[in-house]
Each structure stands twice: as structure tokens, then as C-alpha cells.
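Pulled from Swiss-Prot, these are the features on record:
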SIGNAL    1-20  signal peptide
TOPO_DOM  21-229  topological domain 'Extracellular'
DISULFID  CYS26-CYS80  disulfide bond
CARBOHYD  ASN42  N-linked glycosylation site
DISULFID  CYS82-CYS87  disulfide bond
DISULFID  CYS91-CYS184  disulfide bond
DISULFID  CYS92-CYS103  disulfide bond
CARBOHYD  ASN110  N-linked glycosylation site
CARBOHYD  ASN123  N-linked glycosylation site
DISULFID  CYS145-CYS204  disulfide bond
CARBOHYD  ASN166  N-linked glycosylation site
CARBOHYD  ASN195  N-linked glycosylation site
CARBOHYD  ASN227  N-linked glycosylation site
TRANSMEM  230-250  transmembrane segment
TOPO_DOM  251-262  topological domain 'Cytoplasmic'
TRANSMEM  263-283  transmembrane segment
TOPO_DOM  284-290  topological domain 'Extracellular'
TRANSMEM  291-311  transmembrane segment
TOPO_DOM  312-339  topological domain 'Cytoplasmic'
TRANSMEM  340-360  transmembrane segment
TOPO_DOM  361-386  topological domain 'Extracellular'
TRANSMEM  387-407  transmembrane segment
TOPO_DOM  408-439  topological domain 'Cytoplasmic'
TRANSMEM  440-460  transmembrane segment
TOPO_DOM  461-469  topological domain 'Extracellular'
TRANSMEM  470-490  transmembrane segment
TOPO_DOM  491-532  topological domain 'Cytoplasmic'
Amino acid sequence: MGMFRVEYLLLGILVIGVRSRDIPNCDFFDTVQLRESEKLCNGSYRYEDVVIPAKLTGKYDYEIDYDGDRVSVPKHIRGCVCKLKTCIRFCCHHKKLMAGNLCSQDVYENLTYEYTLDITQLNGSVIKKHVLNDMVVQQDLPLPCERHYSLDAETSTYDMWSLYENGSLFRHFDQRYLSKQEFCLQPNPTSTGKNYSLIVAFNCIQKPSMKMAYGRFECVRKSRLSNASIPVKFSSVFFMVITIAAYLWLPKFRSLHGKCCNLYFICLAITFLLNVISLFGIFELKTPICYLTGYAGYFTVMATFLWLSVISFDVWRRFAMRKFQVFYKNKRSSFFNYNIIVWSSAGLLTCIIFLVDQFVETNLDNPYNPAVGVFSCWIFTNGWSATFYFYAPLAILIILNCASFFLTTRYIYVENKQNQKVLNNSEPQKLSRNHANYRIYFRLFIIMGGSWFLEIIAFICEMENMWKPLIILNDYINCSQGIIIFVATFCNHEMFRLIRKRIQNRNITSLELTNTSRPVESEKMADVELGK
């Protein structure tokens with residue numbers, strides 16, 4: 001038995017001894033394969049015109065894929081060549097082209113392109129370097145991600161980028177630095193119709209975390225809590241579906257106010273779903289289905305906040321004008337008018353951004369372009385252009401909602417104060433009434449969209465790069481709107497009483513239909529008279 005254990009111990013030591021040995025203080029993305037390189041007598045390797053000393057080589061049995069995970073591969077030798085000479089990362093062999101999201105099978109020996117690139121040094125100066133003569137081309141690294149899109153600066157100023165001496169890339173449109181793990185370079189046929197190719201950067205189509213807001217906050221994407229927003233948003237949609245179903249099922253919510261609330265919930269749920277589609281890059285950029293998703297998403301966002309304003313106005317009118325009987329006689333026409341106002345206004349705003357996209361050039365220097373479908377299947381919200389088309393309309397509607405909320409709560413407070421003077425209630429009655437008032441104020445605050453006011457503040461903070469905790473807090477509040485609405489409207493004794501009553505009425509109706517197989521003569525006469 002002891003001999004058996006000794007054999008296993010020796011085997012374990014042997015396995016440890018032959019394990020892969022990474023190069024100390026060398027990132028995997030600064031290495032190249034040396035499988036076909038010449039090995040010198042002193043243990044060094046010659047890679048192109050660079051001699052890599054033995055201490056900068058190591059045995060690897062893995063590669064790092066586009067998700068950052070280690071993937072087991074046959075053991076091979078790698079050298080940390082980027083410590084000796086400036087490296088440039090290509091997606092494939094420098095004589096190949098990208099075919100979709102993969103490298104082409106063919107090597108184009110006659111492929112020619114501009115081999116000189118502008119390289120930004122650490123001190124900020126820009127020098128020109130020849131790709132093949134002045135740098136080491138890394139072309140054996142795994143592709144940086146599953147799906148890519150090219151930054152073609154020749155055709156769009158939105159696609160401007162700068163390459164740095166340390167191998168990182170600066171993307172101009174969102175002012176972001178990308179490591180070599182997040183991009184690669186490759187010749188690409190020019191889209192101007194001329195018969196030559198340019199080196200362009202292929203960067204990743206991100207799969208960002210499932211957060212609400214509208215896919216803009218970098219600090220939320222980088223937050224440790226960002227993954228927690230995925231189940232929160234799914235839960236939010238789930239609870240909104242329950243709330244919508246309850247409003248459709250219960251007769252009480254077939255009133256004017258109930259119909260308006262339900263349309264608000266439906267628009268918000270659709271907005272959530274379309275936003276999810278845009279965040280996950282399900283559709284290819286600049287395709288008809290991508291444009292359709294972006295414009296439909298903008299339409300539902302505007303409709304959501306317009307219905308919220310309608311609800312706020314309707315609640316205020318119910319309290320402030322309830323003495324006027326004419327208000328109660330025109331509910332059907334009011335609902336029709338509300339629909340006309342909401343859908344036509346949302347449609348008009350959507351038409352405006354569509355026309356601007358068609359006739360205004362997409363340019364980073366132009367702050368008036370919505371850029372729907374350019375960077376994601378959504379309106380561009382990472383710059384100040386979002387102020388004109390997105391946050392300005394929302395800010396106006398949110399301010400109107402807050403004003404309606406203030407006027408409504410003030411009216412309730414003043415009226416209750418007058419009632420207390422008239423009734424001269426005892427202390428317990430006053431306390432009970434105060435608790436009831438607080439519940440009313442809270443529900444009004446939720447229904448009238450008071451929490452959305454943080455959305456505008458958070459956008460300004462994001463643009464000015466300040467108060468990041470507030471931005472994250474706002475994003476999670478917005479992400480859980482469906483849960484908040486469910487708690488505020490569904491979780492109360494009145495709602496449970498209505499559900500119980502509805503179920504009991506259905507049971508009684510089904511029992512009566514079962515026991516009465518044929519109508520009696522008096523019921524037939526009644527039916528005839530009703531049919532007259």
C-alpha cells in the first residue's frame with residue numbers, strides 16, 4: 001500500500017515538472033508562437049529578424065479565447081517578442097482578408113496595401129512606422145471576439161482610431177482605449193470603389209450587461225454589480241407582465257385611468273425588450289432589421305413617457321376637477337384624445353430623428369445626429385447629441401410629471417387638513433389617516449414617474465464624469481421599474497380583494513350554468529324583451 005502511494009507521489013511530481021511554464025512578467029498577448037522559428041544553440045529563438053533569449057520563452061498548453069478563458073491546446077513554445085520590439089496585432093496572416101467574422105481561407109500573395117501606419121508614442125508624438133519592417137506582426141493569436149465590426153476611418157469620421165506604441169488602440173467616438181485582447185488589424189478592401197486595401201481595426205461587438213437605462217453608462221458596465229442587473233431586469237419584465245395581465249383581467253381597471261396605466265406598462269415592457277435586443281447585438285449593424293429595432297425602440301420610449309404624462313395629468317384632473325360633473329361624462333372621448341396625442345407625438349419625434357439620420361452626415365463633430373443603427377441598434381446615447389433627441393423630450397415630460405405630482409399631493413394635503421379641522425379627529429384617527437396619506441403619496445410618486453427624474457441627472461453626471469455611485473443607483477432603480485410598479489399597484493389589500501371577488505364571481509357563474517341546463521319560461525320572456 002505504501003509503495004502504491006509513493007508511485008502516485010512520484011507521478012504527481014512528474015506531472016508538475018512537465019506542466020506548461022509561462023514566461024514571467026509577460027502577458028499572453030505579447031507573445032508569438034515559435035513552432036516554426038529557428039532555435040539557436042544557446043536556447044534562444046530567431047523570430048523574423050528578432051532574437052528572443054531563452055529567458056523570454058516558455059512552454060504553453062493553452063490559448064486565451066475572446067471571452068478571456070483559457071482553452072487547452074497542444075503544448076508549444078512561445079516567445080515574449082513584444083518586450084524586444086514594437087508589436088502590431090493582425091487578425092490573420094497579413095496576406096489574408098476577413099471573411100465575415102473569420103479569416104479567409106485563401107492567402108492573397110498579390111494583395112497590396114499601405115504598410116505605413118501612424119503610431120502614437122507615449123509622449124504624445126506621432127511617428128510613421130512600416131508594418132513589416134519596423135514592427136513585429138502578431139498573426140497567430142486567437143481572434144479577439146466572436147463578432148467584429150470594422151472601424152473604417154476612410155468612410156466615416158465616427159470610425160476614427162489611433163494606434164499606440166504599447167499596442168493599445170484608442171477609439172475616438174467613445175474615447176475608449178482597447179487592449180490587444182479587444183481588437184485586431186487586418187487589410188480590408190476600400191468601400192470607395194478603388195482597387196486597393198487599407199489596414200482597418202476590427203473591434204468587438206460587445207455583449208454588455210443587462211441593465212436598464214438605455215445602454216449608455218460605462219461605469220455601470222464596469223461595475224462589479226453589473227451582472228446582478230441581469231436577473232433584476234428579467235424579473236422586472238416578468239412582474240410587469242403580471243401587472244398587465246391583472247389590469248386586463250380585473251373589471252375595475254377598465255376605467256380611463258386603468259387603461260392609461262396599462263398602456264404605460266405595455267410600452268415600458270416593450271421598451272425593455274427592444275433595449276435588450278440592442279444591447280446584445282442580436283442583429284448586424286446598419287441592416288434594415290437593426291434600423292427598425294432602433295426606431296421602434298425610440299418610438300416606444302417616447303410613448304412610455306408620454307403615457308406617463310397622460311397618467312399624471314389625468315390623476316391631477318381627477319382630484320382638482322372632480323367637482324365638475326362634465327369630467328365624468330366624457331371618459332370615452334378623453335381616452336380617444338389621449339391615444340391621438342400620445343401616438344402622434346411619439347410618431348412625430350420618431351419621424352424627426354429618421355429624417356435627420358437620412359439627410360445629416362454621421363460625423364463625430366456634428367452633435368445633431370441621432371446615429372440610429374450605427375453603433376448599436378438603438379439611438380446613440382454616448383454623446384451630447386442624445387440631449388436634443390432623447391433627454392430633452394424626456395426632461396420636458398418628466399418636469400411636467402413632477403409638477404402634476406406636486407399639485408396633486410398639495411391638493412390632497414390641503415383638503416385633508418381642512419377635513420381634519422371640520423371633523424376634529426382623535427389622535428389615533430389622525431395617525432391612521434396620515435399613514436393612508438403616505439401610502440397615497442408613495443403610489444402617486446411611483447405611478448406619476450417621480451423616480452425617472454434621476455435619469456436626467458444621471459445623464460449629466462455621466463457626461464461630466466462625476467458622481468458615479470448616483471449613476472449606478474439610478475440605473476438599478478430604472479432596471480427594477482417593473483418590480484417597483486408591481487409592489488406599488490399590485491401588493492395591497494384592495495388588489496387581493498378584487499382578485500378574490502373576481503374568482504368567486506367566476507365560480508358562481510360556472511356553477512349556475514352547470515345547474516341550469518335549460519332556461520325557464522320567465523327567463524326566455526326576459527331575453528325576448530331585452531332583445532327588442
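Backbone N, Cα and C atoms are what each Cβ position is placed from, and that goes for glycine too.
What Swiss-Prot annotates, mapped onto the structure for a quick look.
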{"residue": "CYS26", "record": "disulfide bond", "DSSP class": "coil"}
{"residue": "CYS82", "record": "disulfide bond", "DSSP class": "helix"}
{"residue": "CYS87", "record": "disulfide bond", "DSSP class": "strand"}
{"residue": "CYS92", "record": "disulfide bond", "DSSP class": "coil"}
{"residue": "CYS103", "record": "disulfide bond", "DSSP class": "strand"}
{"residue": "ASN123", "record": "N-linked glycosylation site", "DSSP class": "coil"}
{"residue": "CYS145", "record": "disulfide bond", "DSSP class": "coil"}
{"residue": "ASN166", "record": "N-linked glycosylation site", "DSSP class": "coil"}
{"residue": "CYS204", "record": "disulfide bond", "DSSP class": "strand"}
Most Cβ neighbours inside 10 Å, all chains, among the disulfide-bonded residues CYS26, CYS184, CYS204: CYS184
Stretch in 263-283, 291-311, 340-360, 387-407 most in contact with the transmembrane segment (230-250), if contact is a CB pair under 8 A: 263-283
Three-class DSSP secondary structure - ASN110 (N-linked glycosylation site): coil
Secondary structure content, the topological domain 'Cytoplasmic' (251-262) (per DSSP, counts of residues): 11 helix, 0 strand, 1 coil
Among CYS80, CYS103, the one of these disulfide-bonded residues whose Cβ has the fewest neighbouring Cβ atoms within 10 Å: CYS103
Subset of recorded positions (ASN42, ASN110, CYS204) lying within 10 A of CYS26 (disulfide bond), CA to CA, in sequence order: none
By Cα-Cα distance, the member of recorded positions ASN110, ASN166, CYS204 nearest CYS87 (disulfide bond): ASN166
Rounded distance in angstrom between the Cα atoms of ASN110 (N-linked glycosylation site) and CYS92 (disulfide bond): 16
Candidate nearest CYS145 (disulfide bond) in space, where candidates are the recorded positions CYS80, ASN166, CYS184 and distance is Cα-Cα: CYS184
Cα distance (Å, whole number) from CYS82 (disulfide bond) to ASN166 (N-linked glycosylation site): 9
Distal contacts, the topological domain 'Extracellular' (284-290) - CB-CB under 8 A, six or more residues away: 149, 205, 373-377
Nearest of the disulfide-bonded residues (CYS82, CYS184, CYS204) to ASN42 (N-linked glycosylation site) - Cα to Cα: CYS82
Secondary structure composition of the topological domain 'Extracellular' (284-290) [DSSP: H/G/I, E/B, coil]: 3 helix, 0 strand, 4 coil
Tertiary neighbours of CYS82 (disulfide bond) (same chain, Cβ under 8 Å, six or more apart): ASP30, THR31, VAL136, GLN138, GLY167
Integer mean pLDDT for the topological domain 'Cytoplasmic' (491-532): 57
Integer Å distance between the CA atoms belonging to CYS184 (disulfide bond) and CYS204 (disulfide bond): 9
